[in-house]
Every structure is written in structure tokens, then in C-alpha cells.
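Here TrEMBL flags Gly166, Arg167, Ser168, Ile232 as NADP(+) binding site. The domain 'Tetrahydrofolate dehydrogenase/cyclohydrolase catalytic' annotation in TrEMBL covers 6-121. The feature domain 'Tetrahydrofolate dehydrogenase/cyclohydrolase NAD(P)-binding' is assigned by TrEMBL to 140-280.
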Amino acid sequence: MTATIIDGKAHALALRTRIASHVANFRAAAGRAPGLAVVLVGEDPASAVYVRNKGKATRDAGMESFEHRLPADTDAATLLALVAQLNADPAVDGILVQLPLPAHIDAGAVLLAIDPDKDVDGFHPVNAGRLAIGADGFVPCTPLGCLMLLQDLHPSLSGMEAVVVGRSNIVGKPMAQLLLQQSCTVTIVHSRTRDVAAHLRRADIVVAAVGIPHFIQGDWIKPGASVIDVGINRTDTGLVGDVDFAAARAVAGAITPVPGGVGPMTIACLIRNTYVSACRREGIEAAL
Ligand SMILES: Nc1nc(=O)c2c([nH]1)NC[C@@H]1CN(c3ccc(C(=O)N[C@@H](CCC(=O)O)C(=O)O)cc3)C=[N+]21
């Protein structure tokens with residue numbers, strides 16, 4: 001068996017195109033465009049590329065992009081003042097502070113300062129809580145994108161065995177919450193799990209988000225499983241995921257590549273969340 005390669009780029013483009021048409025209607029109804037503010041502190045080259053891509057995707061969708069670039073030595077008070085200004089700005093529907101922040105800034109304090117109703121990253125503790133209890137809020141873009149890819153493969157996820165590899169606040173934990181909401185049986189495995197392979201061999205769905213290149217071996221995958229690789233690891237041989245793609249591909253039913261899998265969906269979901277935020281703030285029903 002050779003797995004279907006999930007074309008994340010095509011899915012992302014379709015989602016962005018759909019949102020762009022909804023944005024056109026929003027603009028006609030609200031008399032303004034949805035706005036996304038992106039804040040970048042410092043000059044990390046990878047972060048600069050992401051921020052540029054987000055700005056382009058925002059404009060392509062017919063939204064306004066407000067980009068704030070601050071020097072690496074910016075102090076916390078200055079960044080918090082900018083966040084407060086964006087919270088108060090009626091033209092701003094979404095606020096994204098690019099992570100990682102320089103070490104001298106307490107990232108948790110900055111995320112806490114963002115208005116939860118403009119937190120299109122879904123990183124604020126209020127949104128983590130809303131997700132945990134199934135209330136409306138914002139779901140982090142990467143796990144949301146993974147869920148959309150899985151739902152395209154499996155119209156019902158109910159009863160499926162899902163294993164999430166990794167327990168971060170931005171991917172692993174919210175991914176597990178989303179899969180639980182879809183009535184999967186969810187297991188989270190992590191660095192202290194005794195036998196990761198044994199758990200994976202039972203999984204109909206694998207979401208890999210550990211940040212270790214090629215960590216997941218082909219013979220850990222159940223035949224026919226759906227494998228979503230969130231890893232973006234820069235190595236000597238280029239960008240690779242957390243899954244040994246060549247080996248897993250021979251066993252899985254469907255698998256995302258890196259690049260061209262989850263990454264583009266993350267940006268498309270950011271555009272989606274910003275549109276949803278703008279609709280909520282204007283009292284317009286979001287078309288999705
Ligand atoms: N506040 C915040 N929100 C984020 O959502 C956020 C962040 N900080 N910090 C960094 C990570 C990383 N991230 C990615 C987005 C798109 C791709 C993406 O489109 N990747 C392409 C390839 C990109 C490349 O070639 O480097 C792909 O996988 O095909 C990757 C990674 C968002 N992040």
C-alpha cells in the first residue's frame with residue numbers, strides 16, 4: 001500500500017479562496033475590511049519569513065494587515081503598550097504576537113495581555129479554557145488546520161483511535177481537545193511515555209508534533225492510518241517533519257508531506273479566525 005499524499009497547499013488555497021469571497025460580503029455589510037495586526041520582535045530570519053507570508057495571505061484575502069516590527073532589545077513595557085493600543089483599535093480584529101519572543105520578555109505575560117476576543121492565535125488562557133469546555137472562542141491555527149485535513153479524509157472521526165505525539169500548549173494539547181470533541185479516543189504520548197511505538201501501532205490517526213526530525217518510524221504506523229506531520233525541522237538535508245516520511249508512506253493510508261502539508265493550513269486558519277473575529281465584533285453571522 002502506498003499512502004495518499006495529502007496536499008495541504010491545495011487545501012489551504014481552497015480555504016483562503018473561500019474566506020476571501022466571504023470577506024467581500026463582510027466588507028459590503030460592515031463598510032470596512034477585517035484587520036489583522038502582526039507583531040514581530042527581533043530579526044529571527046525564519047520568523048521574518050512567516051510574518052511576510054502572513055501579511056501577504058491577509059491582503060490576498062481582502063483584509064488589512066497591520067505589521068509592527070520592533071527591535072530585539074524592545075522592553076516588555078513597550079510591547080505591552082503596543083498590545084494595549086491594538087486591543088483598543090477598532091480596525092484591528094485579530095492580534096498575533098509572533099513567537100518565540102526574545103528571552104528577556106515574559107511571553108506568557110504578553111499573551112495574557114491580548115484581548116481574548118482578538119486572540120486569533122487562540123493562545124490566551126481564556127481561549128484554552130473555552131476550547132476545553134467546548135465554548136466558542138478561538139482555536140489555535142495549527143491544530144485547527146490538522147483537524148480540517150482529517151475531516152476531509154474522514155467525514156466522521158467518531159470512535160477512531162487518535163494518538164497525539166507531543167503535549168505543547170500550542171499544538172499537542174489543543175489538538176487532543178479537538179479530537180476529543182470529535183469523539184475520538186485520544187491518547188497523548190510524550191517524552192516520558194514508556195512505549196511510544198506500542199501506542200502508535202493502535203492509532204487510526206497520528207498527529208506528530210514533537211519537533212524531532214524523523215522521530216516516528218514507519219513500522220510504528222498502523223496499516224492504513226492517517227498521519228498528520230506538524231514537524232517543521234530545518235536539517236542539513238532541508239526541511240523535514242517528525243515522521244520518517246518515506247517509510248511511513250509505504251504503510252499509512254494518507255500522510256501529509258513537509259513542506260506542503262500542515263504549514264500552509266496554519267496560515268489559512270489564521271485568515272479564517274480573523275474573518276470570524278471580524279464577524280463577531282460586527283454582529284454579522286460568519287459564513288464558513
Ligand atoms: N504567534 C504565533 N503564531 C503562529 O502561528 C506561529 C508563531 N507564532 N511562531 C512560529 C510558528 C510557525 N508557524 C508556521 C506557519 C506556517 C508555516 C508554513 O507555511 N510552512 C511551509 C514551508 C515554510 C518554509 O519553507 O519554511 C510548509 O510547511 O509548507 C510554517 C510554520 C506559525 N507559527
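Heads up, the Cβ atoms here are built off N, Cα and C, so glycines get one too.
Automated prediction, rather than curation, is the source of TrEMBL annotations.
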Would you mind checking how many other C-beta atoms are within 10 angstroms of the C-beta on Arg167 (NADP(+) binding site)?
-> 18
Which of the binding-site residues Gly166, Arg167, Ser168, Ile232 have a Cβ less than 6 Å from any atom of ligand 1?
-> Ile232
Could you tell me which of these binding-site residues, Gly166, Ser168, Ile232, has the fewest other Cβ atoms within 10 Å of its Cβ?
-> Ser168
For the domain 'Tetrahydrofolate dehydrogenase/cyclohydrolase NAD(P)-binding' (140-280), what does DSSP give as the number of helix, strand and coil residues?
-> 55 helix, 28 strand, 58 coil
Over the domain 'Tetrahydrofolate dehydrogenase/cyclohydrolase NAD(P)-binding' (140-280), what does the predicted model average in pLDDT?
-> 98
The record names Gly166, Arg167, Ser168, Ile232 as the residues that bind NADP(+); what is their largest Cα to Cα distance in Å?
-> 16
With DSSP helix as H/G/I and strand as E/B, how many residues of the domain 'Tetrahydrofolate dehydrogenase/cyclohydrolase catalytic' (6-121) fall in helix, strand and coil?
-> 62 helix, 18 strand, 36 coil
